[in-house]
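K.L.:
A single structure is presented below for examination.
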Amino acid sequence: MDQHQLDEENQRAALFHSSAPSSSLGADGEEERETVPLLSCKMADDKSDTVQVSEDTAHQISIDPWYQVGFILTTGVNSAYVLGYSASIMVPLGWIGGTCGLILAAAISMYANALLAHLHEVGGKRHIRYRDLAGHIYGRKMYSLTWALQYVNLFMINTGLIILAGQALKAIYVLFRDDGVLKLPYCIALSGFVCALFAFGIPYLSALRIWLGLSTVFSLIYIMIAFVMSLRDGITTPAKDYTIPGSHSDRIFTTIGAVANLVFAYNTGMLPEIQATIRPPVVKNMEKALWFQFTVGSLPLYAVTFMGYWAYGSSTSSYLLNSVKGPIWIKTVANLSAFLQTVIALHIFASPMYEFLDTRFGSGHGGPFAIHNIMFRVGVRGGYLTVNTLVAAMLPFLGDFMSLTGALSTFPLTFVLANHMYLTVKQNKMSIFRKCWHWLNVVGFSCLSVAAAVAAVRLITVDYSTYHLFADM
């Protein structure tokens, strides 16, 4: 072992010992105990104290090529959520608003994510978690707030994905036996169980590998089937109604909710965690992955969203495959592909929580497939997904969850925080014009976030009064 390796081992040992509780005497003479986590570099907090940023992780980092990360991002963009964008984006906004909104949302999302990617190595080190980056720039309070926002974001995305998987299973059942015996909550419970089985076997994000290829195949299958069958239905049904439904007040709230859905469509809320897996040079490679996502990777989203709205107009179902007509076996293949792709996509969005649980509470010994590590995943990840599944079954309002996710977390994480962090770090190198531009983004998206949250809560309240807990929708 050379001197460099010895130094690294000594640093790891120092980090391990620093995680033990430390004691000190307070002003009143009583002993105060403070637990210092496994951390490695320091940052200033609000009181000019020091807070440390973690580099310790139970998952693999810095090993993936840019195109694998590009496929991870594309998998998120083209998840089964795309089957709902005709209804959740185009119906409330119409042709002009929906088309311009999708293009504009893609542009501003690409810009905001590029800003975030350029902050990955602030301070001469990699920040492998969003909360670590926020903590390094702002301090301990923002570290905790960012983690809370991100947790809400990913929890609601995963809840929506489990609802989608349940809808796909129910759609398959209805194709063969439309007797009302198998309810949506049962399908959601079964979907959560399958997602848990997948989570037990895939230890970390980088281990997806071949599954990303399969995810792409599944996405292309259900998108192509939905596209072709919608095209056929649109040709055979020339009379279509594109009128934006609802009263004047309803349209205001649904329009705001649709704006939240626009930003939800393109953003993960976990870019630093995804960037952590990429090989150096991390900024350059991440830019390649982002360009892939927002060009080639977004084409399927546009195709199925526009075609679904063109074919069915304002009567488009919130799950497009419920609107299409055609042979049972083709619709079965499409729904099964949507179900399987959703299982893989959920693992991507759940990976930051898995990483936190594995790093914080895992044994840290043995390989990822050692019996004790597998049993740990069964207990911890199984418990997390059980809560996700319960919420999904209780409130299966998919479009509302998309709006609320965009409002509460996608806007703050991707647009407000990214612009303000970039402004804070680079302000000495910026012109007055650029500073004003970033402040405009911060204030504007903050206002949109509040408005979208109000609209989403109203939509959920309306749906809750119309339906009931564990509704069979």
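Placement of Cβ uses the backbone N, Cα and C atoms for every residue, glycine included.
Features from Swiss-Prot:
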REGION    1-31  region 'Disordered'
COMPBIAS  1-11  compositional bias 'Basic and acidic residues'
TRANSMEM  65-85  transmembrane segment
TRANSMEM  88-108  transmembrane segment
TRANSMEM  145-165  transmembrane segment
TRANSMEM  188-208  transmembrane segment
TRANSMEM  210-230  transmembrane segment
TRANSMEM  252-272  transmembrane segment
TRANSMEM  290-310  transmembrane segment
TRANSMEM  333-353  transmembrane segment
TRANSMEM  378-398  transmembrane segment
TRANSMEM  401-421  transmembrane segment
TRANSMEM  437-457  transmembrane segment
K.L.:
Select the range from 88-108, 188-208, 210-230, 252-272, 333-353 that forms the most Cβ-Cβ pairs under 8 Å with the transmembrane segment (401-421).
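P.N.:
Most contacts with the transmembrane segment (401-421): 252-272.
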K.L.:
With CB pairs under 8 Å as the measure, which of the listed stretches 65-85, 188-208, 210-230, 290-310 comes out on top against the transmembrane segment (252-272)?
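P.N.:
Ranked by Cβ pairs under 8 Å, first place goes to 65-85.
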K.L.:
How about long-range neighbours of the transmembrane segment (88-108): same chain, 6 or more residues beyond its ends, C-beta under 8 Å?
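P.N.:
Answer is 242, 244-245, 251, 254-255, 257-259, 261-263, 265-266, 294, 298, 302, 305-306, 308-309, 314, 316, 318, 399, 402-403, 415.
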K.L.:
Among 65-85, 145-165, 188-208, which stretch has the highest count of C-beta pairs below 8 Å with the transmembrane segment (333-353)?
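P.N.:
Comparing 65-85, 145-165, 188-208: 145-165 has the most Cβ pairs near the transmembrane segment (333-353).
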K.L.:
Between the stretches 188-208, 210-230, 290-310, 378-398, 437-457, which one has more Cβ pairs under 8 Å with the transmembrane segment (65-85) than any other?
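P.N.:
When the Cβ pairs under 8 Å are tallied, 290-310 comes out ahead.
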K.L.:
Could you name the stretch, out of 145-165, 290-310, 378-398, with the greatest number of CB pairs under 8 A to the transmembrane segment (210-230)?
P.N.:
290-310
K.L.:
Take a look at 188-208, 290-310, 378-398 and tell me which one has the most Cβ pairs under 8 Å to the transmembrane segment (145-165).
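P.N.:
Going through each listed stretch, the top one turns out to be 378-398.
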